[in-house]
């Protein structure tokens, strides 16, 4: 989170492909090394998990801007959809792989030794095959942008960009919900089954992994379905209105809030019904990932996009998943301790705490509606600024 603005600055001024690969290599090395830290050095393990965020900041900040300079319009939306599908896919595979590896090995450390290998392979493939796209190349073929503006000027411009600010706040709402739900839903569903007397209370670690595996599988599939549905809906709605991008996001968020609320209604009596609501709610929630990035590409000029993505990432983590799991857990504990403990009360207290998530998702939908009000004017301003920054190729010093 803290490193994102740094990579945003670097990504707008230096070779993005090299920065991206180095970040992935760093992430892989730190993750693998942390799996060998013993319990006597817990502080070092905590530090290593923090350092992992540096690597994550590099590719989450820079990768979308490279895609934005390789494609335009509907093609860019599709390619961003493919990229952002990796978020729920990775999350879902993380649940499945992590739980399975821990179960087989009997040691959770082994869960940290699988993904680094994939990271090293990915970083190498990026260095070899990904083209070094020039900033703004997709918008204006045969031309290149002038020298970059200062970082302070970039920040001032972004803060004054209303579409960017509101869409960033909406992204924070999505991050808040996904962080809290991803952490607590498997626990909540297990407690629901305990109440229904279809599962035993977990008194020792490791607990069963069935709920994590099912939730992970649903997250994988809904991630794919969500980004594809969002991209398709946006492409169709662009024929009807130029404000399609933020409006589709708003509808997805508000619809997701409804089905998230229905999860708590269904879970007490029907786990299958809860899973159906999770499936629909996550599909609608994930439908805005790629579209939000596309909104940023439209309203921010190419030489500020890495900084814009970085600031948006910083904001979404700060206001979102950095604290939402802790906040939900804290609220649940406060409610649970207010009366005599029982399996039913543990289930209900966590459900009451998780009800905060659909409320935040509704706020996110409102922010997307606010984005729709300013989207056209901010996009026109960005296009005008790009035209002012363009120079003939012969007069540009590469």
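Here the Cβ of each residue, glycine as well, is placed from N, Cα and C on the backbone.
Taken from TrEMBL, the feature domain 'Major facilitator superfamily (MFS) profile' covers 1-381.
Annotation source TrEMBL lists transmembrane segment at 18-37 (among others).
Taken from TrEMBL, the feature transmembrane segment covers 43-66 (among others).
What TrEMBL records for 78-98 (among others) is transmembrane segment.
The transmembrane segment annotation in TrEMBL covers 110-130 (among others).
Remote same-chain residues near the transmembrane segment (163-185) are listed as 91, 215, 219, 246, 249, 253, 256, 260, 278, 285, 288-289, 292, 295-296, 299-300, 308, 311-312, 315-322, 324-325, 327-329, 332, 350, 353-354, 356-358, 360-361, 363-365, 367-368, 370-371, 374-375, 378-379 (criterion: CB distance under 8 Å, separation of at least six residues from the stretch ends). The transmembrane segment feature in TrEMBL is assigned to 163-185 (among others).
Residues or ranges marked as transmembrane segment by TrEMBL: 213-234 (among others).
Annotation source TrEMBL lists transmembrane segment at 246-267 (among others).
Listed by sequence, the residues of this chain that lie at least six past the ends of the transmembrane segment (273-301) yet keep a Cβ under 8 A from its Cβ atoms are 64, 68, 76-77, 80-81, 83-85, 87-88, 136, 145, 158, 161, 163-164, 167, 170-171, 174, 177-178, 185, 189, 192, 214-215, 218-219, 221-223, 225-227, 229-231, 233-234, 245-246, 248-249, 252-253, 255-256, 258-260, 262-263, 266-267, 308-309, 312, 361, 368, 371, 375, 378-379, 381-382, 385-386, 389. For 273-301 (among others), the entry in TrEMBL reads transmembrane segment.
The list of residues near the transmembrane segment (308-332) in space but at least 6 beyond its ends in sequence, with Cβ under 8 angstroms from a Cβ of it, reads 1-2, 4-9, 11, 57, 60-62, 64-65, 155, 158, 164, 167-169, 171-180, 182-184, 293, 296, 300, 349-350, 352-354, 356-357. What TrEMBL lists as transmembrane segment is 308-332 (among others).
The transmembrane segment annotation in TrEMBL covers 352-376 (among others). Within its own chain, the transmembrane segment (352-376) has Cβ neighbours under 8 Å at 162-163, 166-167, 169-174, 176-177, 180-181, 184-185, 188, 242-243, 245-247, 249-251, 253-254, 256-258, 260-261, 264, 285, 288, 295, 298-299, 324, 327-329, 331-332, 335, counting only residues six or more beyond its boundaries.
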Long-range Cβ neighbours of the transmembrane segment (18-37) (under 8 Å; 6 or more residues past either end): 7, 10-11, 44-45, 48-49, 51-52, 54-59, 62-63, 66, 109-110, 112-113, 115-117, 119-120, 122-124, 126-127, 130
